[in-house]
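Some notes on the structure that comes next.
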Amino acid sequence: MLFEIGTTIIMGGVAGYAYLKTSGSPSNDADKIQRIFANSGWNGRNGEMIRLQRKSKFKGGVEYAYQIPLGFDRKKIEADKHILEDGLNIRHKYFEIDPSELLKIKFDKTVLQQIKKILTNQKIKRKEIELLFDGMLRIKVYNEKMQDQYDWDESYLKKGTWSVSIGNTRQGIVRHDFDEYKHLIIAGASGYGKSALLKLVVTSLVLQQPDNANLHLIDLKGGSAFQRFKDIKQVKNYTREPEETKDILKEIQEEMNKAYTDIVDQGYEDVKESGRKERHFIIIDEAADIADNQACMDVVTDIARRGRGAGYYLIYATQYPSSQSIPQQTKRNIPTRLCFVLDDATASNTALGQTGAEELPLIPGRGIYKNVKSKVVQTPYINNKEIQKRIEPHIVIKPRKEKESDNVESRKGEEGRSNSFIFEET
Ligand SMILES: Nc1ncnc2c1ncn2[C@@H]1O[C@H](COP(=O)(O)OP(=O)(O)OP(=O)(O)O)[C@@H](O)[C@H]1O
(Lines of atoms letter the chains of each structure in order from A and count residues from 1; the text may use other names and numbers.)
(Lines give C-alpha, C1' and ligand atoms only; values in the text may rest on other atoms or scores of the structure.)
Protein backbone atom coordinates (compact mmCIF):
# COMPACT_ATOMS: atom_id res chain seq x y z
CA MET A 1 0.00 0.00 0.00
CA LEU A 2 2.70 2.44 1.11
CA PHE A 3 4.74 1.44 -1.90
CA GLU A 4 1.80 2.16 -4.23
CA ILE A 5 1.21 5.62 -2.73
CA GLY A 6 4.89 6.43 -2.97
CA THR A 7 5.21 5.26 -6.54
CA THR A 8 2.11 7.17 -7.63
CA ILE A 9 3.31 10.41 -6.04
CA ILE A 10 6.78 10.04 -7.49
CA MET A 11 5.53 9.27 -10.97
CA GLY A 12 3.07 12.20 -10.75
CA GLY A 13 5.90 14.48 -9.64
CA VAL A 14 8.22 13.36 -12.40
CA ALA A 15 5.46 13.72 -15.00
CA GLY A 16 4.59 17.21 -13.71
CA TYR A 17 8.23 18.22 -13.77
CA ALA A 18 8.64 16.91 -17.28
CA TYR A 19 5.54 18.82 -18.39
CA LEU A 20 6.80 22.08 -16.92
CA LYS A 21 10.22 21.53 -18.35
CA THR A 22 8.89 21.02 -21.87
CA SER A 23 6.00 23.47 -21.92
CA GLY A 24 7.89 26.18 -20.02
CA SER A 25 4.60 27.47 -18.64
CA PRO A 26 1.33 25.87 -17.68
CA SER A 27 -0.74 28.74 -19.05
CA ASN A 28 -0.80 31.12 -21.96
CA ASP A 29 1.22 34.22 -21.17
CA ALA A 30 0.21 36.00 -24.39
CA ASP A 31 -3.45 35.89 -23.30
CA LYS A 32 -2.55 37.05 -19.83
CA ILE A 33 -0.53 39.99 -21.18
CA GLN A 34 -3.43 41.05 -23.38
CA ARG A 35 -5.84 40.90 -20.43
CA ILE A 36 -3.52 42.80 -18.10
CA PHE A 37 -3.17 45.57 -20.70
CA ALA A 38 -6.94 45.79 -21.12
CA ASN A 39 -7.63 45.81 -17.37
CA SER A 40 -4.96 48.43 -16.73
CA GLY A 41 -6.21 50.72 -19.48
CA TRP A 42 -2.88 50.60 -21.31
CA ASN A 43 -4.11 51.36 -24.77
CA GLY A 44 -3.81 53.90 -27.55
CA ARG A 45 -5.47 57.31 -27.88
CA ASN A 46 -8.67 55.86 -29.28
CA GLY A 47 -8.73 52.81 -27.07
CA GLU A 48 -6.91 50.51 -29.52
CA MET A 49 -5.04 47.64 -27.93
CA ILE A 50 -1.54 46.31 -28.52
CA ARG A 51 -1.43 43.59 -31.18
CA LEU A 52 0.79 40.51 -30.92
CA GLN A 53 3.00 40.27 -34.01
CA ARG A 54 5.52 37.66 -33.07
CA LYS A 55 6.30 35.17 -30.35
CA SER A 56 9.78 33.69 -30.21
CA LYS A 57 11.46 31.36 -27.77
CA PHE A 58 14.95 31.96 -26.45
CA LYS A 59 16.98 30.10 -23.85
CA GLY A 60 15.19 30.65 -20.55
CA GLY A 61 12.05 32.33 -21.83
CA VAL A 62 9.79 33.71 -24.53
CA GLU A 63 9.74 37.10 -26.24
CA TYR A 64 6.42 38.63 -27.30
CA ALA A 65 6.64 41.44 -29.86
CA TYR A 66 3.65 43.80 -30.08
CA GLN A 67 2.61 46.51 -32.46
CA ILE A 68 1.79 49.58 -30.41
CA PRO A 69 -1.15 51.85 -31.19
CA LEU A 70 -0.87 55.58 -31.76
CA GLY A 71 -0.65 57.69 -28.60
CA PHE A 72 0.47 54.74 -26.50
CA ASP A 73 2.19 55.97 -23.32
CA ARG A 74 5.20 53.71 -22.84
CA LYS A 75 6.25 55.52 -19.65
CA LYS A 76 3.08 54.31 -17.99
CA ILE A 77 3.91 50.63 -18.44
CA GLU A 78 7.54 51.17 -17.66
CA ALA A 79 6.52 52.67 -14.31
CA ASP A 80 3.91 49.98 -13.68
CA LYS A 81 5.94 47.05 -14.96
CA HIS A 82 5.36 45.28 -11.66
CA ILE A 83 1.62 45.02 -12.47
CA LEU A 84 2.50 43.05 -15.58
CA GLU A 85 4.99 40.89 -13.72
CA ASP A 86 2.61 40.19 -10.85
CA GLY A 87 -0.17 39.41 -13.33
CA LEU A 88 1.97 36.82 -15.07
CA ASN A 89 2.74 35.18 -11.74
CA ILE A 90 -0.85 35.00 -10.44
CA ARG A 91 -1.88 31.40 -9.75
CA HIS A 92 1.36 30.58 -11.29
CA LYS A 93 3.81 29.83 -8.58
CA TYR A 94 5.12 26.63 -10.02
CA PHE A 95 7.82 24.60 -8.50
CA GLU A 96 11.24 23.40 -9.37
CA ILE A 97 11.44 19.75 -8.33
CA ASP A 98 14.67 17.95 -8.93
CA PRO A 99 13.74 14.46 -10.19
CA SER A 100 16.91 13.03 -8.65
CA GLU A 101 15.50 14.02 -5.21
CA LEU A 102 12.37 11.96 -5.93
CA LEU A 103 14.42 8.99 -6.98
CA LYS A 104 16.31 9.08 -3.67
CA ILE A 105 13.14 8.42 -1.66
CA LYS A 106 13.36 5.32 0.57
CA PHE A 107 10.16 3.33 0.84
CA ASP A 108 10.00 2.85 4.56
CA LYS A 109 7.71 4.32 7.18
CA THR A 110 9.31 7.77 6.77
CA VAL A 111 8.28 8.05 3.12
CA LEU A 112 5.68 10.78 3.75
CA GLN A 113 8.14 12.81 5.81
CA GLN A 114 10.71 12.52 3.03
CA ILE A 115 8.21 13.76 0.43
CA LYS A 116 7.15 16.63 2.72
CA LYS A 117 10.80 17.62 3.11
CA ILE A 118 11.33 17.69 -0.66
CA LEU A 119 8.25 19.85 -1.08
CA THR A 120 9.33 22.31 1.63
CA ASN A 121 12.87 22.59 0.31
CA GLN A 122 11.89 23.24 -3.27
CA LYS A 123 12.33 26.67 -4.75
CA ILE A 124 9.32 28.66 -5.93
CA LYS A 125 9.95 29.97 -9.39
CA ARG A 126 8.81 33.42 -10.32
CA LYS A 127 8.71 34.77 -13.82
CA GLU A 128 10.45 38.06 -14.52
CA ILE A 129 9.98 40.40 -17.43
CA GLU A 130 11.96 42.96 -19.37
CA LEU A 131 10.46 45.63 -21.59
CA LEU A 132 12.02 46.98 -24.72
CA PHE A 133 10.70 49.63 -27.10
CA ASP A 134 12.18 49.80 -30.59
CA GLY A 135 9.21 50.81 -32.66
CA MET A 136 7.53 47.74 -31.26
CA LEU A 137 6.95 46.75 -27.69
CA ARG A 138 8.95 43.65 -26.83
CA ILE A 139 8.13 41.84 -23.64
CA LYS A 140 10.68 39.27 -22.60
CA VAL A 141 9.27 36.77 -20.13
CA TYR A 142 11.94 34.85 -18.28
CA ASN A 143 10.95 31.55 -16.72
CA GLU A 144 13.46 31.96 -13.94
CA LYS A 145 14.46 34.88 -11.83
CA MET A 146 17.82 36.53 -12.20
CA GLN A 147 20.73 35.16 -10.18
CA ASP A 148 20.88 36.73 -6.67
CA GLN A 149 24.65 36.91 -6.49
CA TYR A 150 27.53 37.06 -8.93
CA ASP A 151 30.88 36.59 -7.26
CA TRP A 152 33.60 38.84 -8.57
CA ASP A 153 36.61 37.37 -10.31
CA GLU A 154 39.40 38.73 -12.47
CA SER A 155 37.40 38.37 -15.66
CA TYR A 156 35.43 41.47 -14.64
CA LEU A 157 38.57 43.61 -15.05
CA LYS A 158 39.48 45.50 -18.19
CA LYS A 159 43.09 46.39 -17.54
CA GLY A 160 44.49 49.69 -18.78
CA THR A 161 41.02 51.25 -19.07
CA TRP A 162 38.68 53.35 -16.92
CA SER A 163 35.80 51.07 -17.74
CA VAL A 164 34.55 49.34 -14.60
CA SER A 165 32.15 46.38 -14.49
CA ILE A 166 29.30 47.43 -12.29
CA GLY A 167 26.51 45.04 -13.12
CA ASN A 168 25.43 41.74 -14.56
CA THR A 169 22.34 41.49 -16.70
CA ARG A 170 20.88 38.50 -18.45
CA GLN A 171 22.54 39.79 -21.62
CA GLY A 172 25.99 40.25 -20.14
CA ILE A 173 28.10 42.65 -18.14
CA VAL A 174 27.34 46.37 -17.88
CA ARG A 175 30.35 48.66 -17.57
CA HIS A 176 30.62 52.26 -16.51
CA ASP A 177 33.41 53.85 -18.51
CA PHE A 178 34.47 56.84 -16.43
CA ASP A 179 36.31 58.41 -19.35
CA GLU A 180 33.12 58.36 -21.35
CA TYR A 181 30.31 58.86 -18.86
CA LYS A 182 32.37 60.56 -16.11
CA HIS A 183 30.58 61.00 -12.78
CA LEU A 184 28.20 58.58 -11.09
CA ILE A 185 25.46 59.00 -8.48
CA ILE A 186 24.71 55.94 -6.35
CA ALA A 187 21.60 55.77 -4.17
CA GLY A 188 19.89 53.04 -2.21
CA ALA A 189 18.35 52.11 1.10
CA SER A 190 20.65 50.95 3.87
CA GLY A 191 22.04 47.47 3.45
CA TYR A 192 21.49 46.94 -0.27
CA GLY A 193 24.97 47.34 -1.66
CA LYS A 194 26.17 50.95 -1.96
CA SER A 195 29.37 50.46 0.01
CA ALA A 196 29.99 47.06 -1.57
CA LEU A 197 29.77 48.69 -4.99
CA LEU A 198 32.07 51.55 -3.98
CA LYS A 199 34.65 49.02 -2.77
CA LEU A 200 34.30 47.16 -6.06
CA VAL A 201 34.86 50.38 -8.03
CA VAL A 202 37.90 51.35 -5.95
CA THR A 203 39.45 47.88 -6.24
CA SER A 204 38.79 47.77 -9.99
CA LEU A 205 40.34 51.20 -10.57
CA VAL A 206 43.43 50.23 -8.57
CA LEU A 207 43.86 46.95 -10.44
CA GLN A 208 43.10 48.37 -13.88
CA GLN A 209 45.10 51.58 -13.63
CA PRO A 210 47.59 51.17 -10.76
CA ASP A 211 49.87 53.98 -11.97
CA ASN A 212 47.25 56.51 -13.05
CA ALA A 213 44.37 56.29 -10.59
CA ASN A 214 44.30 58.97 -7.88
CA LEU A 215 41.67 58.32 -5.29
CA HIS A 216 40.18 60.74 -2.77
CA LEU A 217 38.07 58.73 -0.35
CA ILE A 218 35.56 60.53 1.83
CA ASP A 219 33.84 58.06 4.08
CA LEU A 220 31.23 59.79 6.18
CA LYS A 221 29.66 56.58 7.40
CA GLY A 222 32.35 56.13 10.01
CA GLY A 223 35.13 54.65 7.94
CA SER A 224 34.08 51.05 7.61
CA ALA A 225 34.01 50.97 3.81
CA PHE A 226 37.23 52.73 2.82
CA GLN A 227 39.39 52.09 5.88
CA ARG A 228 41.18 49.17 4.20
CA PHE A 229 42.24 51.32 1.23
CA LYS A 230 43.74 54.23 3.12
CA ASP A 231 47.37 53.08 2.84
CA ILE A 232 47.47 52.12 -0.80
CA LYS A 233 49.56 54.32 -3.01
CA GLN A 234 46.67 55.39 -5.23
CA VAL A 235 44.82 56.98 -2.30
CA LYS A 236 45.75 60.66 -2.14
CA ASN A 237 43.21 61.66 0.47
CA TYR A 238 41.24 59.69 3.00
CA THR A 239 38.93 61.05 5.66
CA ARG A 240 35.97 60.08 7.71
CA GLU A 241 35.51 63.49 9.33
CA PRO A 242 32.90 65.87 7.93
CA GLU A 243 34.98 68.86 9.21
CA GLU A 244 38.07 67.72 7.32
CA THR A 245 36.06 67.08 4.17
CA LYS A 246 35.75 70.77 3.35
CA ASP A 247 39.56 71.30 3.35
CA ILE A 248 40.12 68.21 1.24
CA LEU A 249 37.46 69.22 -1.27
CA LYS A 250 38.90 72.74 -1.50
CA GLU A 251 42.38 71.33 -2.16
CA ILE A 252 41.01 69.03 -4.87
CA GLN A 253 39.14 71.95 -6.43
CA GLU A 254 42.33 74.01 -6.63
CA GLU A 255 44.24 71.11 -8.23
CA MET A 256 41.37 70.54 -10.64
CA ASN A 257 41.32 74.20 -11.66
CA LYS A 258 45.05 74.16 -12.25
CA ALA A 259 44.89 70.94 -14.27
CA TYR A 260 42.08 72.30 -16.39
CA THR A 261 43.85 75.62 -17.03
CA ASP A 262 47.00 73.72 -18.09
CA ILE A 263 45.02 71.48 -20.42
CA VAL A 264 43.23 74.41 -22.05
CA ASP A 265 46.40 76.57 -22.21
CA GLN A 266 48.12 73.75 -24.06
CA GLY A 267 45.38 73.95 -26.65
CA TYR A 268 43.42 70.83 -25.75
CA GLU A 269 39.73 70.49 -25.17
CA ASP A 270 39.87 68.00 -22.35
CA VAL A 271 42.04 65.57 -20.45
CA LYS A 272 41.48 62.75 -22.94
CA GLU A 273 42.64 64.87 -25.88
CA SER A 274 45.64 66.12 -23.89
CA GLY A 275 46.94 62.56 -23.60
CA ARG A 276 47.35 62.90 -19.83
CA LYS A 277 47.06 59.53 -18.21
CA GLU A 278 46.12 60.52 -14.66
CA ARG A 279 42.55 60.60 -13.47
CA HIS A 280 41.16 61.66 -10.10
CA PHE A 281 38.18 60.08 -8.39
CA ILE A 282 36.42 61.89 -5.59
CA ILE A 283 34.37 59.22 -3.88
CA ILE A 284 31.92 60.28 -1.21
CA ASP A 285 30.06 57.67 0.80
CA GLU A 286 27.03 59.21 2.45
CA ALA A 287 26.92 62.55 0.80
CA ALA A 288 23.85 63.55 2.86
CA ASP A 289 26.20 64.18 5.78
CA ILE A 290 27.73 67.19 4.03
CA ALA A 291 24.50 68.35 2.40
CA ASP A 292 23.99 71.18 4.87
CA ASN A 293 27.55 72.44 4.46
CA GLN A 294 27.26 75.00 1.70
CA ALA A 295 31.01 75.32 1.19
CA CYS A 296 31.34 71.55 0.60
CA MET A 297 28.32 71.42 -1.66
CA ASP A 298 29.65 74.33 -3.76
CA VAL A 299 32.83 72.34 -4.46
CA VAL A 300 30.86 69.16 -5.19
CA THR A 301 28.72 71.07 -7.67
CA ASP A 302 31.82 72.61 -9.24
CA ILE A 303 33.52 69.21 -9.65
CA ALA A 304 30.32 67.81 -11.18
CA ARG A 305 30.21 70.74 -13.59
CA ARG A 306 33.86 71.22 -14.56
CA GLY A 307 35.64 68.04 -13.45
CA ARG A 308 34.86 66.09 -16.62
CA GLY A 309 37.26 68.12 -18.77
CA ALA A 310 40.07 67.93 -16.22
CA GLY A 311 39.71 64.19 -15.47
CA TYR A 312 38.23 64.71 -12.00
CA TYR A 313 35.33 62.34 -11.60
CA LEU A 314 32.82 62.33 -8.81
CA ILE A 315 31.21 59.21 -7.34
CA TYR A 316 28.52 60.39 -5.03
CA ALA A 317 26.63 57.89 -2.86
CA THR A 318 23.68 58.51 -0.60
CA GLN A 319 21.08 56.61 1.29
CA TYR A 320 18.78 59.62 1.42
CA PRO A 321 18.22 60.99 -2.08
CA SER A 322 16.51 64.35 -1.72
CA SER A 323 16.76 67.76 -3.35
CA GLN A 324 19.06 68.73 -0.49
CA SER A 325 21.45 65.76 -0.61
CA ILE A 326 21.61 65.81 -4.42
CA PRO A 327 21.30 69.46 -5.47
CA GLN A 328 19.60 70.14 -8.77
CA GLN A 329 22.73 71.42 -10.47
CA THR A 330 24.77 68.38 -9.40
CA LYS A 331 22.04 66.12 -10.72
CA ARG A 332 21.94 67.94 -14.04
CA ASN A 333 25.67 67.36 -14.46
CA ILE A 334 25.55 63.69 -13.51
CA PRO A 335 23.08 61.92 -15.76
CA THR A 336 24.43 58.45 -14.93
CA ARG A 337 22.97 56.83 -11.85
CA LEU A 338 22.96 53.49 -10.11
CA CYS A 339 20.12 52.98 -7.77
CA PHE A 340 19.46 50.11 -5.39
CA VAL A 341 16.05 49.57 -3.78
CA LEU A 342 14.53 52.74 -2.31
CA ASP A 343 11.63 53.41 0.06
CA ASP A 344 9.23 55.03 -2.34
CA ALA A 345 8.61 56.38 -5.81
CA THR A 346 9.54 59.94 -4.75
CA ALA A 347 13.02 58.83 -3.69
CA SER A 348 13.35 56.85 -6.92
CA ASN A 349 12.33 59.89 -8.95
CA THR A 350 14.86 62.06 -7.16
CA ALA A 351 17.73 59.62 -7.52
CA LEU A 352 16.98 58.16 -10.91
CA GLY A 353 14.65 60.62 -12.61
CA GLN A 354 12.07 57.86 -12.88
CA THR A 355 10.14 55.49 -10.65
CA GLY A 356 11.10 51.83 -10.42
CA ALA A 357 13.74 51.63 -7.69
CA GLU A 358 10.95 51.24 -5.11
CA GLU A 359 9.81 48.11 -6.94
CA LEU A 360 13.16 46.33 -7.00
CA PRO A 361 13.26 43.01 -5.17
CA LEU A 362 14.86 43.13 -1.73
CA ILE A 363 18.11 41.57 -2.89
CA PRO A 364 21.45 43.17 -1.98
CA GLY A 365 23.23 44.24 -5.15
CA ARG A 366 20.06 44.45 -7.29
CA GLY A 367 19.81 47.88 -8.85
CA ILE A 368 18.87 50.00 -11.83
CA TYR A 369 21.76 51.44 -13.82
CA LYS A 370 20.59 54.42 -15.82
CA ASN A 371 22.76 55.82 -18.51
CA VAL A 372 21.06 56.48 -21.76
CA LYS A 373 18.68 53.64 -20.99
CA SER A 374 17.79 51.94 -17.73
CA LYS A 375 18.85 48.38 -17.04
CA VAL A 376 18.22 46.13 -14.07
CA VAL A 377 21.58 44.82 -12.89
CA GLN A 378 23.03 42.64 -10.18
CA THR A 379 26.31 44.18 -9.10
CA PRO A 380 29.28 41.79 -8.88
CA TYR A 381 30.19 41.06 -5.28
CA ILE A 382 33.76 41.16 -4.04
CA ASN A 383 34.27 40.19 -0.41
CA ASN A 384 36.67 41.93 1.96
CA LYS A 385 39.14 39.04 2.01
CA GLU A 386 39.48 39.13 -1.77
CA ILE A 387 39.84 42.94 -1.72
CA GLN A 388 42.58 42.69 0.89
CA LYS A 389 44.46 40.11 -1.15
CA ARG A 390 44.22 42.21 -4.32
CA ILE A 391 45.23 45.55 -2.83
CA GLU A 392 48.02 44.23 -0.60
CA PRO A 393 50.75 44.76 -3.24
CA HIS A 394 49.73 48.43 -3.46
CA ILE A 395 50.04 49.22 0.24
CA VAL A 396 52.87 51.63 0.99
CA ILE A 397 54.13 53.40 4.07
CA LYS A 398 53.43 56.96 3.25
CA PRO A 399 53.49 60.36 4.89
CA ARG A 400 50.01 61.37 5.80
CA LYS A 401 48.60 64.63 7.06
CA GLU A 402 47.57 64.53 10.67
CA LYS A 403 45.03 66.66 12.39
CA GLU A 404 45.97 68.71 15.48
CA SER A 405 43.78 66.54 17.63
CA ASP A 406 45.38 63.24 16.58
CA ASN A 407 48.29 63.31 19.01
CA VAL A 408 48.51 66.48 21.01
CA GLU A 409 51.21 65.30 23.47
CA SER A 410 53.76 64.14 20.93
CA ARG A 411 53.37 67.25 18.83
CA LYS A 412 53.64 69.95 21.48
CA GLY A 413 55.51 72.88 20.04
CA GLU A 414 54.72 71.99 16.44
CA GLU A 415 52.90 74.47 14.32
CA GLY A 416 49.73 73.64 12.42
CA ARG A 417 49.69 70.45 10.37
CA SER A 418 52.67 68.21 9.95
CA ASN A 419 53.74 65.19 8.01
CA SER A 420 54.75 62.08 9.87
CA PHE A 421 55.26 58.49 8.86
CA ILE A 422 52.59 56.11 9.95
CA PHE A 423 53.59 52.49 10.12
CA GLU A 424 50.65 50.24 9.67
CA GLU A 425 50.27 46.54 9.51
CA THR A 426 50.13 45.43 5.88
N1 LIG B 1 26.33 42.78 -5.06
C2 LIG B 1 26.06 42.08 -3.97
N3 LIG B 1 25.79 40.76 -4.07
C4 LIG B 1 25.51 40.05 -2.96
N5 LIG B 1 25.47 40.55 -1.71
C6 LIG B 1 25.73 41.85 -1.55
C7 LIG B 1 26.04 42.69 -2.67
N8 LIG B 1 26.25 43.93 -2.22
C9 LIG B 1 26.07 43.88 -0.88
N10 LIG B 1 25.77 42.64 -0.48
C11 LIG B 1 25.50 42.19 0.91
O12 LIG B 1 24.77 43.20 1.58
C13 LIG B 1 25.48 43.68 2.71
C14 LIG B 1 25.26 45.17 2.87
O15 LIG B 1 25.85 45.85 1.77
P16 LIG B 1 26.46 47.32 1.91
O17 LIG B 1 27.26 47.44 3.15
O18 LIG B 1 27.14 47.63 0.64
O19 LIG B 1 25.14 48.15 2.07
P20 LIG B 1 24.96 49.73 2.09
O21 LIG B 1 23.94 50.05 1.08
O22 LIG B 1 26.26 50.42 1.99
O23 LIG B 1 24.34 49.92 3.52
P24 LIG B 1 24.59 51.10 4.58
O25 LIG B 1 24.17 52.36 3.90
O26 LIG B 1 23.73 50.74 5.75
O27 LIG B 1 26.05 51.03 4.91
C28 LIG B 1 26.94 43.28 2.46
O29 LIG B 1 27.63 43.08 3.66
C30 LIG B 1 26.80 42.00 1.67
O31 LIG B 1 26.62 40.90 2.56
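Each Cβ is built from the backbone N, Cα and C atoms, and glycine gets one as well.
What TrEMBL records for this protein:
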- 170-349: domain 'FtsK' (DOMAIN)
- G188, A189, S190, G191, Y192, G193, K194, S195: ATP binding site (BINDING)
- 398-426: region 'Disordered' (REGION)
- 398-417: compositional bias 'Basic and acidic residues' (COMPBIAS)
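By the criterion of other Cβ atoms within 10 Å of the residue's own Cβ, the least surrounded of the binding-site residues G188, G191 is G191. Under 6 Å, Cβ to nearest atom of ligand 1: this is the test, and of the binding-site residues G188, A189, S190, G191, K194 it is passed by G188, S190, G191, K194.
Using a 10 Å Cβ-Cβ cutoff, G193 (ATP binding site) registers 22 neighbours. Listed in chain order, the extra residues whose Cβ falls within 8 Å of the Cβ center of the ATP site residues G188, A189, S190, G191, Y192, G193, K194, S195 are A196, Q319, F340, V341, P364. With a cut-off of 8 Å between CB atoms and residues at least 6 apart in sequence, the same chain places Q319 near S190 (ATP binding site), listed in sequence order. Between the listed binding-site residues, namely A189, Y192, the fewest other CB atoms within 10 angstroms of a CB are found at A189. The average pLDDT the prediction assigns to the domain 'FtsK' (170-349) is 93. Cβ environment of S195 (ATP binding site): K221, S224, A225, D285, A317 lie under 8 Å away, each six or more residues apart in the same chain. K194 (ATP binding site): 26 other CB atoms within 10 A of its CB, across all protein chains.
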